[in-house]
Amino acid sequence: MFDPCVHPDVGAYALGLLEPDELAAYERHLRGCADCTRTLAGLDPLVQLLGTVDAASLVAATGAGMGHRFPERPPEPVVTLVQRPRPAHPYTRRLTLAAAAAAVVVLVGLVTYVARSSVHTPVIPLAEPPPGAAAATATTAPPPRTAPASNRPAATTSPPRRNTGPEPSPPRRTPASTPTPTPGASATDTIKVGPAGGNGNAERYDGSDPATGTTAQVEVVPTAAGADVTLTLAHLSGPREGTLLAVTTKGTTETALRWRIPAGTDEVTLLGGTTSKAFERFDVVDENGRVLVTIPVNSK
């Protein structure tokens, strides 16, 4: 259940008392309101009856029957009935909406201004001053404060050294001498030097070839997996490249390392290794398969 539509303008519309704009608005409402249509149809006989009454005759008849004149102002009713407020005039509605919109715009602008004012300005890092500016700043800076003088003797960072004579000079390193070919020797002159260096397990084998002018030194250090092999080639102008072949006592051959001498140099030191520990000789072979120098391993 719902309350039927109660429209206060139905009577005014029936009597033709509405303004043009109110009349148009109520007619639009009347097209879709069944309650107002029924109410208007019920008022139709009353409207027709009122149309037959002469207003002047009605006033004269009423005045003669009462025998006195109507008061200029009707008395106030004892009980004030609740009246439904009439809809506001369209112009009044427009002015109200315009004022509300203006108030909203002003409020939004004020809030935006306050929000922007409350945002902190980001701190822009200053660029580092040039060296000259730093020096100028340093010269204008106030002098540092000095601590009051103390009667205590200054502490020394190290105890005084007693003069025990001149300091011993560090030991000089003696460069390893390159073996020279023995006059009248065969194509290869081999010199065994071992154990060598600071490693007591290392053995060094030197060799040279007068025909090619190449000298070589091989240092062998036994390891758990085999042996580390270090090759030093000298008196061989680059660019040259090749391999160092290790011939074992079992007759097998392994490639210990690959060497390369860049252009403009004649000496190189490289590190390689093998899986064998017992060797008969080492052959330095170039990229064409030519043996440049052979380093025999002389067993003790």
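Glycine too: its Cβ is placed from the backbone N, Cα and C atoms.
If you check TrEMBL, you get these features:
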COMPBIAS  147-160  compositional bias 'Low complexity'
COMPBIAS  167-182  compositional bias 'Pro residues'
DOMAIN    8-36  domain 'Putative zinc-finger'
REGION    123-213  region 'Disordered'
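Residues in the domain 'Putative zinc-finger' (8-36) partition by DSSP class (helix H, G, I; strand E, B; coil) as 23 helix, 0 strand, 6 coil. Here the domain 'Putative zinc-finger' (8-36) has a mean pLDDT of 84 out of 100.
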